[in-house]
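Colleague: Handing you this structure, nothing more for now.
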Amino acid sequence: MKVAVIGAAGGIGQALALLLKNRLPAGSDLALYDIAPVTPGVAADLSHIPTPVSIKGYAGEDPTPALEGADVVLISAGVARKPGMDRADLFNVNAGIVKSLAEKIAVTCPTACVGIITNPVNTTVPIAAEVLKKAGVYDKRRLFGITTLDVIRSETFVAELKDKDPGDIRVPVIGGHSGVTILPLLSQVEGVEFTDEEIAALTTRIQNAGTEVVEAKAGGGSATLSMGQAACRFGLALVKALQGEENVIECAYVEGEGEHAPFFAQPVKLGKEGAEAILSYGELSDFERNALDSMLETLNGDIEIGVEFAK
């Protein structure tokens, strides 16, 4: 099993690479790529960690050597948020990066499962889809927007509020991956009751958690470490499913039936071909239904921007 981390010299990429070096199954190959010349050194550094995962780093303009033979590609390349920026501000730089990487993937590893971390995910995933379609290699089961950070934040914040073990909390998060498009289904958390005020406050905090970190870092970065953990959780789930483990379920932003939007985050059953089944997100509370209805214009607009960009 070969996993490629693209954007591996950045804050998310280095955290993700460290976690994968420690947690990938024995015998896995980990390839790191970044345009930055430090990348082979990041791989050398990580290679000293005594785990049965081989690691190699590649730098320069061409990601092809890292992508060759990859089963899973995790893309965190791009610029990070700074104070005053929202995810849409990132679009101008990151859209072009994702487009060119998708073009390389289409040629080099067209059957790989691709997980996109690069923001704005609502828009970068449709860009990648359009590029892969143009190349004639698109398989919607193999393209994911990684929204796991919204899930782990939800689990953490609920556990803190209710004094529970975060490992016991499961919160499905649907919609998209920015602002109002992030919808945690707090009505479905088992063994926990919330007041209306708690639901409103928690939902807002989860939606704005990225900004919370950007501001706390005072211009020194964005949510890199927690995102690395979230991407590792999703990447490992994908690896397990590809290797035949049953009942692997994670929320992800995928192309579905298009009931609400062409791409939508919801629980996905992962399997040997990627997304084996897109699962129902179940019954919504009135609060959640209203939040869903009011986000759809934003989400569909984000998707349309990506489709137009890739034309």
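Count begins at 1; order follows the chain as displayed.
Every residue, even glycine, has its Cβ placed from backbone N, Cα and C.
Here's the feature list from Swiss-Prot:
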{"type": "BINDING", "residues": "Gly7, Ala8, Ala9, Gly10, Gly11, Ile12, Gly13, Asp34, Asn94, Ile117, Thr118, Asn119, Met227", "note": "NAD(+) binding site"}
{"type": "BINDING", "residues": "Arg81, Arg87, Asn119, Arg153", "note": "substrate binding site"}
{"type": "ACT_SITE", "residues": "His177", "note": "active site, proton acceptor"}
Colleague: Rank the binding-site residues Asn94, Thr118, Asn119 by the number of other Cβ atoms within 10 Å of each Cβ, and give the residue at the low end.
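Modeller: Output over binding-site residues Asn94, Thr118, Asn119: least Cβ neighbours within 10 Å is Asn94.
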Colleague: I need the CA-to-CA distance for Gly11 (NAD(+) binding site) versus Asn119 (substrate binding site), whole Å please.
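Modeller: Given the Cα positions, Gly11 (NAD(+) binding site) is 14 Å from Asn119 (substrate binding site).
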Colleague: If you count other C-beta atoms within 10 angstroms, which of the recorded positions Arg81, Arg153, His177 is the most crowded?
Modeller: His177
Colleague: Neighbour count, 10 Å Cβ-Cβ cut-off, for Met227 (NAD(+) binding site): what number do you get?
Modeller: 25
Colleague: According to DSSP, does Gly11 (NAD(+) binding site) sit in a helix, a strand, or coil?
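Modeller: Where Gly11 (NAD(+) binding site) sits, the three-state DSSP reduction gives helix.
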Colleague: Work through the recorded positions one by one (Arg81, Asn119, Arg153, His177) and name whichever has its CA nearest to the CA of Gly7 (NAD(+) binding site).
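Modeller: That would be Asn119, nearest by Cα distance.
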Colleague: Tell me the Cβ neighbour count for Ala9 (NAD(+) binding site), meaning other Cβ atoms within 10 Å of its Cβ, over all protein chains shown.
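Modeller: So the number of other Cβ atoms within 10 Å of Ala9 (NAD(+) binding site) is 24.
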Colleague: Just to verify a number: CA distance, Ala9 (NAD(+) binding site) to Arg153 (substrate binding site), in angstrom, no decimals.
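Modeller: Roughly 24 Å, rounded to the nearest whole number.
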Colleague: Taking His177 (active site, proton acceptor) as the reference, which of Gly13, Asn119, Arg153, Met227 (the binding-site residues) have a CA within 10 A of its CA?
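Modeller: So far as Cα distances go, the binding-site residues lying within 10 Å of His177 (active site, proton acceptor) are Asn119.
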Colleague: Restricting to the binding-site residues Gly13, Asn94, Met227, which ones have a CA within 10 Å of the CA of Asn119 (substrate binding site)?
Modeller: Asn94
Colleague: In Å, rounded, how far does the Cα of Met227 (NAD(+) binding site) sit from the Cα of Arg153 (substrate binding site)?
Modeller: 10
Colleague: Considering all pairs of residues in Gly7, Ala8, Ala9, Gly10, Gly11, Ile12, Gly13, Asp34, Asn94, Ile117, Thr118, Asn119, Met227, annotated in the record as contacting NAD(+), what is the maximal C-alpha distance expressed in whole angstrom?
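Modeller: That value is 18 Å for the farthest Cα pair.
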Colleague: Could you round the CA separation between Gly13 (NAD(+) binding site) and Arg81 (substrate binding site) to a whole angstrom and send it over?
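Modeller: Approximately 15 Å lies between the Cα of Gly13 (NAD(+) binding site) and that of Arg81 (substrate binding site).
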